[in-house]
Amino acid sequence: MAVVVALAFVFLVMFPVPSPVRALSSNYYDHTCPHLESIVASAVKKAMSNDKTVPAALLRMHFHDCFIRGCDASVLLNSKGKNKAEKDGPPNISLHAFYVIDEAKKALETSCPGVVSCADILALAARDAVFLSGGPTWDVPKGRKDGRISLATETRQLPAPTFNISQLQQNFAQRGLTIEDLVALSGGHTLGFSHCSSFQNRIHKFNATVDVDPTMQPSFAAKLRSVCPAHNKAKNAGSPLDSSNLVFDNAYYKLLLQGKSIFSSDQALLTTPKTKALVSKFASSQEAFEKAFVTSMIKMSSLSGGQEIRLDCRVV
């Protein structure tokens, strides 16, 4: 594990780390594509009516996009020839719902051809995914450009579910994100599902003396062990990330305080006084969580991206 972590930080130094963009504007497309937001929202709603996992997928996709080269839609690009793209990197293999962005892009190319970036579509879709799941809405600053570079090797920059608090803080700080951003954005785990492989370190052979992470509530750990046995063979076995994983609420923080978090990186939020205080604040106030989440999402989604408008989100 230490070797993997060390490699992760080597890659953080080697690869470009995104920085904030100054030119984004909430009214960027008001004249060039006035129906943009309704077109994207329609695509997200349609997909959600057929698949309840779409909101979590879109939110995670946007996060994984922004954390590599900034919000440049590089996560959408297909691998080509010998180049293995981000979407085929280990942390991204389980990403899905790319078709939602494709559908929105297709409609936009009919309505206002060559105008809207794939990166802006993804940022809007992530916002709509939160809102349509019962969460807050916000004005998305727009004007991102699409990137041409997408490398699977760079997905090592993504924060891992096994990270401790110092690794998480360093990972976020390198993107200009604060401890409050870290705790607020972690609340995105209120939507979603994890496969066994991302949390098996907590429920099997935790260390040399105990099998299960002692910070986990015992009956919760037992439930996870029954779903994810030591030599799990079920491909899609796993657990929701909180008890109401189709609804955007603050249950994630409440469960975290009860010892019912899924990832080591979730539990890590309780290991410093400042992060634990923020967890407690968000657990006791949905309003405080939503306000912080919106602020942090706007900040994260303003990380710099590419230089062009792609006509096909999957191909340069």
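Just so you know, glycine gets a Cβ as well, placed from its N, Cα and C.
Automatic, uncurated: that is what TrEMBL annotation is.
When TrEMBL is consulted, the disulfide partner of Cys112, picked from Cys33, Cys66, Cys71, Cys118, turns out to be Cys33. Candidates considered were Cys71, Cys118, Cys196. The record in TrEMBL pairs Cys313 in a disulfide bond with Cys118.
According to TrEMBL, Cys66 forms a disulfide bond with Cys71, chosen from Cys71, Cys196.
Of the chain residues outside the Ca(2+) 1 site list Asp65, Gly70, Asp72, Ser74, Glu86, Cys66, Ile68, Arg69, Cys71, Ala73, Val75, Ala119, Gly147, Ser150, Gly305, Gly306 have their Cβ within 8 Å of the site's Cβ mean position. Listed in sequence order, the recorded positions near Gly70 (Ca(2+) 1 binding site) (C-alpha within 10 Å of its C-alpha) are His64, out of Arg60, His64, His189.
The Cβ of Arg60 (site 'Transition state stabilizer') lies under 8 Å from the Cβ of Leu95, Gly188, Gly192, each of these being in the same chain and 6 or more residues away along the sequence. Between the listed binding-site residues, namely Asp65, Asp72, Glu86, the fewest other CB atoms within 10 angstroms of a CB are found at Glu86.
Around the Cβ of His64 (active site, proton acceptor), the number of neighbouring Cβ atoms within 10 Å comes to 20.
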